[in-house]
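Below you'll find the structure, written out as structure tokens, and then a few comments.
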């Protein structure tokens, strides 16, 4: 329905726009429709020694982002919590079987509590609504966190979605042949069905390893036919117990095409030496990738680092120079550039061990190793595989291994423009990656000072190992546990100290304690309801503060990254913390320093933690607004109600966590934006000019680059934001005025004079 409305809007827009056009505009549109296919083109290449502003901003090291808006994610989160058992498959995929069983128990207990309250509405309603609100809030937050992994649930509907494999690039302008594609399809079809109850992550981990082995054992044969083969992955009918997916490929070749394909197979096996030269293959490769980069690199989306197999095989291509197959790129004749964007090439070359005198390239689908990287260690291993090559062993966790199968099961239809952008992103990382540049750094082994050439990833690996070895405090975990226990027992304690004096507490009986615990005469339904409410409050409150502790730990790690990064150019502190040390005495060193800065800023959880912090921030504002409204309604009777006391406890605990996060975030920004480092390096350059006048011109150049870097960092750096929301300025101002107006009313009522906080400039 929505697509039909958009089509109707586009049609009417073009219709009324036709009345405004003049001859010059119509001629320009005709030129644009023809496209650039008839324009003369020259060979070109991208210079990897230059940097983009994305490197300084940090978007070069992109992170995963959801493909649907947050409003839809919120709606889906609420639906998945309200109808929790109906989405059991989804919850098992994004959590685990044990956690799902635990959450299912809490869900049924909450349903029983609501039913008992409707039957006997004697207990305070806040004791029932509190856990319910927490359940809805955390379910929505979790749905937004995992939205980068699965964007559509794999329900049992009748609409079976399809997903096309990316077109692979092979020899002289030809497609991958049918035999090899069929072998890959048969390899993929051997994926076994898995029962849900049999260890979800373990099963997916094993199946994915099996699938990768089956595909990687197949070589690549090429043919000369320019016709395109479209391998398609179909989703079978999914059942709650068993999920199977199957790949089918339809291809038609003539007899002449089969002969040419057989000839190229002999070439790949080393039978014939009539291979194209390496220079020809590299020239074609540069033309292909340049064309793709021009077409696709138009957005700044956060995309995941995918298809490590394809990048690994390209690294092998630099080592195996005698037996490389020629690459190709097929672009169908079309009337616009938009049609050619649907052809995304998965470029890969590699060699197979054990073949003397020749090697065969491995061409795989670009989605072969798609992962979501829920933890920072998995992402680091993918970086090593991506930038160093297959010799780096990647220890991918079960979460990232399961992400590929989950994505295939979801049947998500991806935008071809996004696929092209992801290819260009990987191509840039491969050709101008930080791992290709090295700096002469100083390391300490005991009391000895030694030099070695290190890349950005090697330096960052040492920094991350120091951060991981840091002993984290448990103060905020203890605070969360204390607040959890206090909120769980609060209704009982409130009734106890309100109805009993200190003298009466000494002689209180067990029956009276049970009555105060239930808040009503202790009949069986009331006792069951009170026990359920206590258990729900205890578990859900602990889960909420557990998420807060995760956010606090992440902010602490970000601060440690920034702290160690600021010590790299200091010899004394670098030796103290056992990290590499180098000076910004060369332009190349400045480039590596900026790359390391951007890389460390993007390490670890980003958007997922921002979702948690944003939710806590909005919850704190909501509670503050409710408390202000209650105080304005009657400040003398404000503390008579138990839920107002609960609001105050929640507000105090959340403010403590938010103050901690705000202090860590601001300190992290200060460490990364510390201009004194660059100023100190400029002073060092002047000192070197005085000692070595013959290098004055070179040192002056470096000094000018340092000045430009200082200005650029000041231009791009933004102040720390506690909430991860991109808020409209109008909505922000309205929210600020409403909240501050309520607080101003409370303060004016308590102090006796008018004060208007919203007029104070923030």
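Backbone N, Cα and C define each Cβ position, glycine as well.
Of 124, 733, the one with N-linked glycosylation site in Swiss-Prot is 733, while the others lack that note in the record, though it may still apply to them.
Note on Swiss-Prot: of 20-52, 53-85, 86-118, 152-184, the range annotated with the feature region 'Disordered' is 152-184. Of the candidate ranges 278-300, 301-323, 393-415, Swiss-Prot annotates residues 393-415 with the feature region 'Disordered'. Using a 10 Å radius centred on the Cβ of residue 674 (N-linked glycosylation site) and all shown protein chains, the other Cβ atoms total 15. For the domain 'PHTF' (6-150), the number of residues in each DSSP class (helix H, G, I; strand E, B; coil) is 102 helix, 0 strand, 43 coil. DSSP gives residue 674 (N-linked glycosylation site) a coil state; it is part of no helix or strand.
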